[in-house]
């Protein structure tokens, strides 16, 4: 087992439960603790149960306050209630990466762990795999035979490079950077467990509030020059990238970075491989499929990968090839789904343009208010809102790069906009945003669930000069309450659709 992270320990526990004797090697001289915010989704929580670590897992979801725990800050510095990461469908559990690793560590008691050790050569024979291992402290090398090698050593996996080929054959570059770390204390004027989002075109700051722990922060930005980002001081690099975002939240986060004992600073990629195993060598976690941070499914997929590997080996105890084949067939659809949705969710984390920033604001505002309206209706019956004018039913529209389609009858107002500006090269990013909004709340974003006058304000705000553009081509929107006639509607334009005016 190469790697002492979530994927490696999950696989080790799974293999031991299947009757194997795992040995873990880890390049780092000591086990990592702490770490940044992670959302653990239902599939990950179920995998924790399957691996027997659920009782050791400490979760940190803040208690929900009536006014909400999440805020967004607009370009004028105004704080508004918002949807946070934990508001996603599935109600993910808030944890630190170190919380998951601590739970796994308690369950690998008795497993041999060799720190400061890395594989430098792997040779498969007829009955076993020979591995040349190197000790970092002494430089000493020695060979050892194993029945199987599990590469769980991350996105830039040594095992993958040795057995499957160079990184460039498997890494896809997303032209984006991330920096994640723990804050010493919450941003002044916010509650200790508040989450905060400032999402601007090509750069964003996220603060993830937690119960019984200081928040963690994420800085992310888009760039076409990845290699340049690793030169010089990282703190100065980030101060330069986020210059102009003169907000107390941004200043606090950047100041905290200078004092942080450690941080993660890296480029964003996905790992795409036609097969995750070759003979007696198998890759798990980021080494095999890296869904990346934007997906939010890294920890969940690593836990599920280890649990599924255990089940496959138990089902095929005498046929390793059959076990690995069944494991991949069962797991790959889940991974493929979340690799695709990661591209959509990237627009929510860090919009690709001013246009995408404006549409993101509108879509998330709609989703949030629809949720609130629906909850209020269920609790005691406030009136619903509907679209004015006839309903258009465009055909499902594939999203850029992913092939995913928006269901017929969903998001008709915004789909109408896409049909109207379909020849615009920028329409692709709107496809992504629409699909992302569907993913954020599939039930909420559909015809018949448009909210009250606050939506009008949100749409207008998104079109103001502070964004440097409107939604495109003079697009306008109308909403009206279901129990009022067209004469009483709140008119933001000539038609219920976002549209392109005649030339």
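Cβ coordinates are placed from backbone N, Cα and C, and glycine is handled just like the others.
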Annotated range (TrEMBL: region 'Disordered') out of 378-403, 404-429, 430-455: 378-403
Annotated stretch (region 'Disordered', per TrEMBL) among the listed ranges 458-480, 481-503: 481-503
The domain 'FAD-binding' (2-315) [mean pLDDT, rounded to integer]: 96
